[in-house]
Amino acid sequence: REPLVRKTSSSYHTFPESTARRLDREYLRSLHNKRLYLAVFAAVLGNFSFGFALVYPSPVIPALEAHPNPALRLDQHTAPWFGSVFTLGAAAGGLSTMLLNDCLGRKLSIMFSALPSALGYALLAGAQGLWMLLLGRLLTGYAGGVTSASIPVYISEISHPGVRGMLGACPQLMAVLGSLVLYALGKYLRLVLDWGWLAVAGEVPVLAMVLLLCFMPNSPRFLLSQGKEDEALGSLCWLRGEDTDYAREYEQIKDSVRKQSRRVSCAELKDPFLYKPILIAAGMRFLQQLSGVTCILVYLQPIFKKTSVILKPEYDAALVGLVRLSSVAIAAVSMDKAGRKILLFVSAGVMLVSNLTMGLYIHFVPASHNGTVANTTLVSSANLPAEPTNYITLIPLLAIMFFIMGYAMGWGPITWLLMSEILPLKARGVASGLCVVVSWLTAFTLTQFFLPAVNAFGLEVPFLFFAVISAGNILFTGCCVPETKGRSLEQIEAFFRTGRRSFLR
């Protein structure tokens with residue numbers, strides 16, 4: 001095998017550009033993806049658990065508000081913390097992943113997340129007091145932060161350009177699927193069992209993830225960065241197939257890793273090769289959360305109640321979840337064909353129109369039509385029965401559905417994918433954790449200030465603010481985000497190193 005590698009290495013540097021591109025296309029057509037898909041499936045079970053844990057309070061808070069045990073009963077002060085402390089745990093998880101990704105590796109970091117996740121679900125299932133509920137939410141949030149920073153990086157490093165866009169959308173797809181399963185179990189399981197069994201059900205994907213990942217390879221790029229060349233070659237061989245020209249790809253990866261063998265230092269952060277992709281990735285995570293998606297999902301039913309949507313509350317979340325799932329699936333199929341930037345433009349445009357429609361509807365439609373009650377807060381309105389008086393109340397339902405659709409087909413999955421694609425290898429572990437910290441601290445801050453803003457200025461003000469942010473997303477995409485469709489991670493790094501757009505054509 002070694003002579004083949006040496007021969008491929010020399011040809012990699014001497015082939016004309018057109019010949020190299022032809023060989024790349026032939027190589028992509030020859031690959032066997034079954035094992036790659038299996039490795040990705042094993043990893044994204046962590047995202048399924050993340051989506052499950054994120055919306056866990058949705059069916060559980062009503063049950064705990066009416067719980068006969070005072071030690072477990074939630075009120076208007078403790079219920080918001082039960083929902084939002086998850087994001088603080090996720091931020092802490094992202095912060096720790098800045099070290100875990102480079103010390104343990106991508107695969108072991110994902111497997112490590114099973115420990116706090118399993119413990120958190122156990123605390124929720126057997127909770128005897130409020131502290132156990134909050135600690136359980138904090139630990140499951142911590143696990144979600146670790147997986148949020150590790151899984152996209154692992155997928156991007158084991159995938160090839162032909163399917164990296166599709167596979168890069170899988171984390172978001174599985175997170176949405178996990179949320180849908182939670183909604184379904186929350187509706188039907190509580191009819192026959194106690195709410196604590198929802199936490200027991202959350203243990204299943206965590207255990208399945210750990211068992212499957214035991215048989216999956218680590219990232220070839222990470223193994224090369226640790227000097228484990230034989231393991232890296234074996235990992236790539238397993239992922240691509242023994243009868244393919246994987247040795248040529250191995251040499252390209254090895255050459256890239258060799259140029260970035262040292263750990264990143266503070267002085268190197270002044271290099272545009274490092275700070276530009278980090279700022280783009282962190283900026284996208286910041287704008288993604290600032291567009292209001294977490295607030296809208298967390299307070300979805302109260303928002304529908306406030307606007308008196310003609311729909312039973314128990315079907316609201318499931319309907320929006322189905323829209324999210326189908327939209328992420330569309331993005332996964334089209335990402336490697338249409339490209340990342342066009343989907344980001346369409347996504348931000350749909351979110352802009354949806355938020356603007358929602359804000360203007362709440363502002364201009366009289367209370368007698370939209371069913372709002374003067375001086376009624378968003379939380380208290382959630383306890384009022386919906387009394388739709390006009391079919392015009394379908395407007396907020398359609399606006400929210402289009403917002404979720406727009407988010408899920410662009411700024412949801414592509415933000416995670418681009419984070420793992422554009423970050424340089426030598427800073428990928430640390431920078432991905434930083435991006436997750438930025439994301440969840442923004443989500444926590446916005447979620448905490450959402451209700452006070454609604455009570456002080458009205459429900460239309462946050463939606464108009466989200467519309468302004470969506471317009472900023474369009475500008476940010478056009479000015480800062482590179483198109484990475486069909487490009488290898490090495491070509492993307494070469495673009496940021498040299499500034500030559502020819503590497504991305």
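Cβ atoms here come from the backbone N, Cα and C positions, even for glycine.
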Q. Can you check which of 78-100, 308-330 TrEMBL lists as transmembrane segment?
A. 78-100
Q) Any chance the transmembrane segment (430-451) and the transmembrane segment (78-100) have 3 or more Cβ pairs under 8 A, given the pairs are 6 or more apart in sequence? A) yes
**Q.** Top Cβ-contact partner of the transmembrane segment (286-304) among 36-58, 112-133, 195-216, 342-364, 463-481 (pairs under 8 Å)
**A.** 463-481
Q: Grab the same-chain neighbours of the transmembrane segment (463-481) for me: Cβ-Cβ under 8 Å, and only residues 6 or more beyond its ends, written as numbers and ranges.
A: 280, 283-284, 287, 290-292, 340-341, 344-345, 347-349, 351-352, 355-356, 358-359, 362, 411, 418
Q.
Please report, as numbers and ranges, the same-chain residues at least 6 past the borders of the transmembrane segment (36-58) whose CB is under 8 Å from any CB of it.
A. 79, 82-83, 86, 107, 110, 113-114, 117, 120-121, 124, 137, 140-141, 143-144, 147-148, 150-151, 154-155, 158-160, 163, 167, 170-179, 181-183, 186, 198-199, 201-202, 205-206, 208-209, 212-213, 215-217, 239-240, 297, 301, 317
